[in-house]
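Peer 1: Sharing a structure below in structure tokens format, with a few things to ask.
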């Protein structure tokens, strides 16, 4: 659980992963009774026998390789999760982008229709000249 929480939090340092794996192996060995009696064991209960070795115990070099391989596999799983999250985000953005483009197209079509209606309305009214701008009226000259 400790190793998984470390990996989920983004940890990927090989030395720390190796230490966590060593702790896990030690805990497993303690649970199975291979190293010695567990704490809290009731007297009089028979201890389970350690499993019979089926092959040679792994050498230190093999354990290091196993640790490195496990670290690489865990990092690979983490990267796969991140890749999936990125794909999901990209699909959501693409969906949002296409919705925005569709909305803009609809607004453009509506505006073009309004312009067409205004042109039609202007053609029905006929050409109209703008009101003439005349200078202000001049008062007649005053008598002398």
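The backbone N, Cα and C atoms fix where each Cβ goes, glycine too.
No curator has checked TrEMBL annotations; they are predicted automatically.
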Peer 1: Between 4-32, 33-61, which stretch does TrEMBL give the note region 'Disordered'?
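Peer 2: Range annotated as region 'Disordered' by TrEMBL: 33-61.
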Peer 1: Averaged over the coiled coil (69-121), what pLDDT does the prediction give?
Peer 2: 87
